[in-house]
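Taken from TrEMBL, the feature transmembrane segment applies to 12-28, 35-54, 74-90, 102-124, 130-151, 163-185, 197-223, 244-277, 319-343, 355-377, 383-402. The domain 'RCK N-terminal' annotation in TrEMBL covers 428-545.
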Amino acid sequence: MPSPLDTGFYREALVFLGTAGVVIPLMARMRVSPVLGFLVAGLVLGPHSLGRLAESVPWLGYIAITSHDTVDQLAELGVVFLLFTIGLELSFDRLWTMRRMVFGFGMLQVALTTAAIGATAWTFGNPFDASLVIGACLALSSTAIVLQLLAEQRRLASVAGRVIFAVLLAQDLAVVPILFLVVVFSKAAPDGAVAALAGQSVLLGLMLALLQGAAAVTIIVGFGRAILRPFFRLVARTHNRELFMAAILFVVVGTSLLTHFAGLSMALGAFLAGLLLSETEFRREVEVDIEPFKGMLLGLFFISVGMRIDPLGVAREPLLLGLSILGMVFLKVAVVGGLARLFRLSWPVAVEASLLLAGGGEFAFLVLGLAGSGGLLPADIEQFMLLVASGTMMLTPFLARLGRQAGRQARRAAAMADGHGEPAPAEVGRTIVVGYGRVGRLVCELIEGEGRAFIATDRNADIVASGRKAGEPVVYGDATRREFLRKCGLADAPAVVVTMDDPIAAEHVVAAVRAERTDVPVVARARDAAHAARLFRLGATDVVPEALEASLDLASAALQTLGGSRDEVHETIRAKRELLKAPLRAGRPAE
């Protein structure tokens, strides 16, 4: 007899999958970020809405999500995978160039916003220590929501995107001392008298927490740099996609747990893993493989945020809640905007960054929950602050759209004032060379010799390692996958050259390129005339059949040896080539 099945878990999983199937296409049709759709879905389907109504209308229980536990654990993995992919987009060199923004701008934002919101909470009669905790947790923004919105808009690499990321990274680093302060204040006297604690012991505890975190990061980075590249080369040699996927998951989850045990956030560990892999040739293939996990789990995270909002709590004090949300947004916009100008960033960047960072963050739930359980915050204050944090997170997609529009207008106004109203021409991307064997290497040398940029791909880990050792931009990955081609910059590539000696794989690559872009020139290597005809049918711009070109080269050498002039021989060969290629372009082999 089969064992009893926990249908509750599967029912809620089914509700989530059904929600994703409705939300994603609906939001795409409305040209609205799916983030907002998931937040609203969480609000509607959560325990405070349909879950509450299910008590009187039982059938609603079948479409409601009533438990936070499973959703919260999976949702945290969504944030972990998001930070991992962000790490893949960066490198330690790029991060080092951002140090002024992270430790200057970012840390100042946390300190000043904490002071501003904390002072406001104190004026409303909250104790000093409780006010400081409220200010600290509301000073943090949502890494998951903000970075997802920037990724959807392809703005992560923009000036505003880099500034916002630097601030979010500083906020992640600030979580450790904030959590330590909450624990310290929770151990204080019930009346909140912080004076009962020796200031020296608090400072010592903070220093120890920071040193522990720094030691953990140093060990992870040193160990990771030593073993990650050889580990993934060993896995890649098996040509087993499932094993490659398992290796990625092992690294992401393992590094996240290491930082968690060191007292840091799991997301920071995943970010470090991404940074370490960004310096390897496997970066783009890893990005493609991890994308489905990140998208689904992030959707769960956004649903979990919406589930925390209690409509009855909003209805009890709508005016105070609305004013608190607006006040928090105003204070954070003022602090971030002021700091942006202090750091000599342009008005468009200041406006966009301040609005995107104006919402609350996921760490507010952790900090407020810890403060509530420790007796630092009364239950009603804790719930109210959770509503404020959740409400501002719901507003973040709208603030992002407002920030982008305001930034665009500010840029336009600045351009007109400077007399440069026309946009700069777009930068030309790199030619993609698929296959880095003997033919591929020669093609790359000639492209580089003409002063043009390229990126080469190959599925052989040893060939890729050899090319990277020589300093060439070669990456490991499967170019038959459209997602991988996107990561290689197909959107702005001036041309694609397919040099693979595997006929079937070459056809798949040409088909994948054409499915993604119909305008890019595609030059492909063909084994014979029949293969060339198939490549032309799939959309190749030009094809070079090996047998045909070898025959023409031999004929050219023979004619010149027999006394033919160089120009006449070249013209004869050119005419013959065109004659033989004409039926191939029509999609049929030459007779």
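Start at 1 and count along the chain as shown; that gives each residue its number.
Cβ atoms are placed via backbone N, Cα and C, with glycine included.
TrEMBL entries are annotated by machine, without manual review.
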Secondary structure content, the domain 'RCK N-terminal' (428-545) (per DSSP, counts of residues): 54 helix, 24 strand, 40 coil
Within this structure, do the transmembrane segment (130-151) and the transmembrane segment (383-402) have 3 or more Cβ pairs under 8 angstroms, counting pairs 6 or more apart in sequence? yes
Where else in the chain does the transmembrane segment (163-185) make close Cβ contacts, counting only residues six or more beyond its ends and a cut-off under 8 Å? 86, 98, 101-103, 105-107, 109-110, 129-130, 132-133, 136-137, 139-141, 143, 146-147, 150, 156, 192, 194, 197, 202, 205-206, 209-210, 213, 263-265, 267-268, 271, 336, 340, 345, 349, 353, 356-357, 361, 363, 366-367, 370-371, 374, 376
Give me the stretch from 35-54, 74-90, 130-151, 244-277 with the greatest number of Cβ pairs under 8 Å to the transmembrane segment (319-343). 130-151
Closest-packing stretch to the transmembrane segment (74-90), where packing means Cβ pairs under 8 Å, from 35-54, 102-124, 244-277, 355-377: 244-277
Mean pLDDT for the domain 'RCK N-terminal' (428-545), rounded to an integer? 89
Restricting to the same chain and to residues at least six past its boundaries, which positions have a Cβ under 8 Å from a Cβ of the transmembrane segment (244-277)? 76-77, 79-92, 95, 143, 169, 172-173, 175-176, 179, 209, 212-213, 215-217, 220-221, 224-225, 228, 231-232, 235-236, 238, 283, 285-286, 289-290, 293, 363
